[in-house]
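The domain 'AB hydrolase-1' feature in TrEMBL is assigned to A:56-344. The active site, nucleophile feature in TrEMBL is assigned to A:Ser158. Taken from TrEMBL, the feature substrate binding site covers A:Arg229, A:Asp359. Residues or ranges marked as active site in TrEMBL: A:Asp328, A:His358.
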Number of protein chains: 2
Amino acid sequence: MSAQEAQWSEFVGNHAGDGILHALRTGPYSFETGGFLPEVVIGYETWGTLDEQGSNAVLIQHALTGDSHVSSGDSAEAGWWEGFVGPGKTVDTERFFVVCVNMLGGCYGSSGPSSLDPEGVPWGSRFPFTTVKDSVRIEARLADELGVDVWHTVLGGSMGGARALEWAVEFPQRVERAVVVAATTASSAEQIAFAQAQCAAIRLDPAFADGDYYAAQAPGPVAGLGIARRIAHITYRSEPEMEVRFGRAHQLGENPLGSPARDRGRYQVESYLDHQASKLVSRFDANSYLVLTEALMSHDVGRGYGSVDAALARTAGVRFLVAAVDSDRLYWPEQSERLAASLPVPVPVNYITSPIGHDGFLTDIDQLSPVLESDFLSPEH
Amino acid sequence: MSAQEAQWSEFVGNHAGDGILHALRTGPYSFETGGFLPEVVIGYETWGTLDEQGSNAVLIQHALTGDSHVSSGDSAEAGWWEGFVGPGKTVDTERFFVVCVNMLGGCYGSSGPSSLDPEGVPWGSRFPFTTVKDSVRIEARLADELGVDVWHTVLGGSMGGARALEWAVEFPQRVERAVVVAATTASSAEQIAFAQAQCAAIRLDPAFADGDYYAAQAPGPVAGLGIARRIAHITYRSEPEMEVRFGRAHQLGENPLGSPARDRGRYQVESYLDHQASKLVSRFDANSYLVLTEALMSHDVGRGYGSVDAALARTAGVRFLVAAVDSDRLYWPEQSERLAASLPVPVPVNYITSPIGHDGFLTDIDQLSPVLESDFLSPEH
């Protein structure tokens, strides 16, 4: 157990405040594809109070590099869906008991490659191959601990949408409603392809050291992780948005046309992507990026059930809301349409209208507020 | 001059056959952005015979990693547009004198980073920053040598389309017709963004050695170049094509879900991209990839003329055919539409209908044969 984990463990079962990171030791765990950890710790935050019937629990699932801090609560830090989750908000923390869990394999409180093994050495390259199903199964242990037998709603976008859908498939008796935004039943060939290039860039970095770079004083494979983020970020946005924001403008004081010796400055869009890369590498572990990216590549609700349709058939008792961003070119709207049409009770797709692409699920989630407030999350439900 | 260049120089002015690589020493050259080479050699191939009026010359421009071998001619090797260029084909080498030039900065016969300086050392990192305008200006020297005052037609796709358009802008009096397929007036923010990630991957490879890797016995930054190619190749294809071809299938005998130690096999789409990367690194120089990619990033016909519109105004005497691939998501059809509408004499966009994306300009160019044969390249013209 790391020092950080030791600190968190003080909070286990002691919900000191809303939006404060807690940790739960969930015991040993055998992973879907064969790995094993003697102890899995899960980092999570909660907001509000579980009612006596245990009927008002909402699980919010974060995306690839997200964390459990979806709303500020009693902390000073704004959450990543601050305008959407909180007192009086669409996900009203005065009515609902809201839970957000750091995904297994991540680096924000849950066991991941940077966590320490029983001998005090980071797992690094030895951290098991992790799937979306693994994350959901571990989250079920947390639900048990919190006294949540059935989630009123499980809600997420992007990889969080994949996790919400996996909850409905793995534990259909424990999910009343699922809100799946900008996500698919299974990662597509193209999504796998973009992910492969990202993983390869991290592994190419000499500082990666086959995944066991924690002992070094150097910051690890930040150059490779930065390239991965650049690739990913392009796919999170849209061509028109980048064109309107940056076009071919040169970064102030730089000349991208180069000197005679071929050194050159940057276009604004390059500086922007450098900034995105820099922000990520300062807050995210490269091994966690690999583990979670490979988990996303493995995403397939049908695995273990014979087919996607057979898996979805399990969700007949779950009410679904499926949403997509109209300009998304990573999780294409057609994929949400296929998911919605494949459900035991097909539903229409709700569209977030945004010019920016996939990231619209973060920036424009409030477009789903009317349908959620009048239906899924209304006081009558 | 390298041994290879010495061999080519035997062919200068001695057109031994169709589809046979020739080379021309064009003398010293000052690059658009300030670089200088004491001698620029240009590799090229020709097919057919220039008529006495010099009126039947067609210039075909290759794309980023292409070469001058567009048709087999007297060689045993098929060309990259074999079905489109040749005796009796749309670009009929029995009627036209066809020329195809290896782009300046490349590695197929023209001066590039792997060429030797006067002291016999590869230029490597010292090779000047090169633009599309540079390539066209050097090609004009070749046209002079070949006795081509005016091209009947200049034709190209992707970066070849950019080069065709640049010919019309730089030398409007020397271009009667221009066929611009799947190309833009200027590289967009998104195209720059994808290119940046590719260049960064090459430079991250420890074998890159700041561009001066030729002395080493090792094959150079093939891992980085392979990642660049993977990224690029995804953008050359379409999401639906990859999904139909590969979906989530596992590569035969491999398990992408991983072992407990997280090593894993590949999805088929990963194996496919590995194969694409492997093919490219065996035939292309990483420095040339950088030089040409940065040239493509710099592509902007308006540079030096105040604006794109001012540059296009120069082409009032040129007849244009603009074409796009309907599923292209790197050179979006909207960009071809804007180009076509911005010409002094606006034209409609001809569409290549293909599910595969940008690469449709290579695989389905014959869809342009009817319009070309009945108009631009008809016997009456």
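Glycine residues also receive a Cβ, built from the backbone N, Cα and C atoms like all the rest.
All TrEMBL annotations are machine predictions without curation.
A map of TrEMBL features onto the structure.
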residue: A:Ser158; record: active site, nucleophile; DSSP (3 states): coil
residue: A:Arg229; record: substrate binding site; DSSP (3 states): helix
residue: A:Asp328; record: active site; DSSP (3 states): coil
residue: A:His358; record: active site; DSSP (3 states): coil
Can you tell me how far the Cα of A:His358 (active site) sits from the Cα of A:Asp328 (active site), in Å? 4
Which of these recorded positions has the least crowded Cβ, counting other Cβ atoms within 10 Å: A:Asp328, A:Asp359? A:Asp359
Distance check, please: Cα of A:Asp359 (substrate binding site) against Cα of the residue listed as 'active site, nucleophile', rounded to an integer number of angstrom. 9
Counting across all protein chains shown, how many other Cβ atoms sit within 10 Å of the Cβ of A:Ser158 (active site, nucleophile)? 26
Measuring Cα to Cα, tell me the gap between A:Arg229 (substrate binding site) and A:Ser158 (active site, nucleophile) in whole angstrom. 16
For the residue listed as 'active site, nucleophile' and A:Asp328 (active site), what Cα-Cα distance in Å is obtained after rounding to a whole number? 11
For A:His358 (active site), just count the other CB atoms lying within 10 A of its CB, please. 25
How many neighbouring Cβ atoms, not counting its own, are there within 10 Å of the Cβ of A:Arg229 (substrate binding site)? 27
